[in-house]
Amino acid sequence: MTGTTKILVKDAHAFIPSIKKGKASEKLSDDDDLPLGCRIMGAAKLHKEGKKGKGVRVAVIDSGVDAEHPAFDGMVKYQAWFRWGTPLEEDDHGTHVAGTIHNMAPEAEIYDYRVFGGEGAFEIDDAIVTSIFEACYDGCDIINMSLGGRWPSANILTAVQYAHSQGVIVVCAAGNSGDDDPLTNERGFPAMWEEAISVAASSKKGKTPVAFFSNTNPHIDYAGIGVDVVSMKPGGSFQEMSGTSMACPHVAGLIAAVLHDAIKGRGFGSAHKPNDTKVRAFLNKKCAIDIGVEGPDNASGIGFLSYLDKGEFDALMEKVEEAAT
């Protein structure tokens with residue numbers, strides 16, 4: 001039939017989006033010992049104000065975490081692995097993701113749910129579903145999913161909706177299938193569901209422009225640093241990775257840090273545990289910085305998230321630009 005496009009779907013499972021890896025070449029700041037991406041997202045200011053995520057539990061549903069990495073300071077408190085069989089030195093994605101959350105909110109507890117690996121008692125999608133429910137039952141306040149796929153899964157949607165109904169904040173990577181054209185839409189789930197916070201990737205230069213590989217669509221909520229992100233590598237070292245997978249934990253960590261107050265009964269206008277609606281309202285009012293075209297857009301959503309105010313953000317980015325020249 002002439003003019004017909006035919007797609008053969010060979011694998012509909014969720015997966016870790018393709019990422020770029022490299023050696024950790026970035027020098028850490030002498031004053032706060034934080035990667036630049038975390039500083040741009042406001043981690044140093046959060047920590048100075050005592051907002052470090054104490055009492056907050058963050059689920060990392062990913063490829064497993066090296067809990068013995070000394071930089072975690074013992075904050076990986078729980079591990080449930082539904083898949084295994086691949087060394088963490090090879091499946092290093094989850095450790096990097098969890099490391100960024102820890103850098104943003106160093107007193108938050110990391111709950112590690114492994115859903116990727118060469119062997120396991122569950123298929124990948126079933127492992128993700130089980131992990132989401134387990135994270136809710138285990139008392140997690142935030143779920144980070146730096147994973148996704150082109151095709152939606154009804155079972156994963158049901159699990160995400162359950163987490164949402166329980167007040168658990170679900171943060172997801174938007175996906176790395178972007179074509180550098182904000183007028184085209186690239187789909188990725190679970191990020192596109194309304195119960196999830198969809199995070200695009202921005203770079204660490206200029207006005208934090210959205211990365212060329214970052215998915216664009218009307219469901220993007222925010223952007224976070226996702227290019228040349230320095231974080232932990234299994235075995236005790238560090239490395240750089242790029243992807244919306246790296247932007248996602250910056251946002252999850254930021255939320256964990258500010259939830260420190262909410263868990264203690266302060267902030268968010270209520271002493272009760274905040275839900276998705278209250279967290280989004282806080283982020284929109286206090287943390288969203290408009291980048292790219294004016295107003296909400298398909299590339300960065302409401303805007304780039306940082307705990308820095310606009311003046312502090314502009315001053316830091318000016319220093320970053322000066323250092324790069």
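Including glycine, each Cβ sits where the backbone N, Cα and C put it.
For 53-301, the entry in TrEMBL reads domain 'Peptidase S8/S53'.
Feature annotation from TrEMBL assigns active site, charge relay system to Asp62 (among others).
Cβ neighbours within 10 Å of His93 (active site, charge relay system), excluding its own Cβ and spanning all shown chains: 25. Summarising the annotation, TrEMBL assigns active site, charge relay system to His93 (among others).
Positions annotated as active site, charge relay system by TrEMBL: Ser245 (among others). The Cβ neighbour count for Ser245 (active site, charge relay system), using a 10 Å radius and every protein chain shown, is 32.
Rounded to a whole number, the C-alpha distance linking Ser245 (active site, charge relay system) with His93 (active site, charge relay system) is 9 angstrom. Cα spacing between His93 (active site, charge relay system) and Asp62 (active site, charge relay system): 7 Å, rounded to the nearest whole number. In the shown protein chains, 27 other C-beta atoms lie within 10 A of the C-beta of Asp62 (active site, charge relay system).
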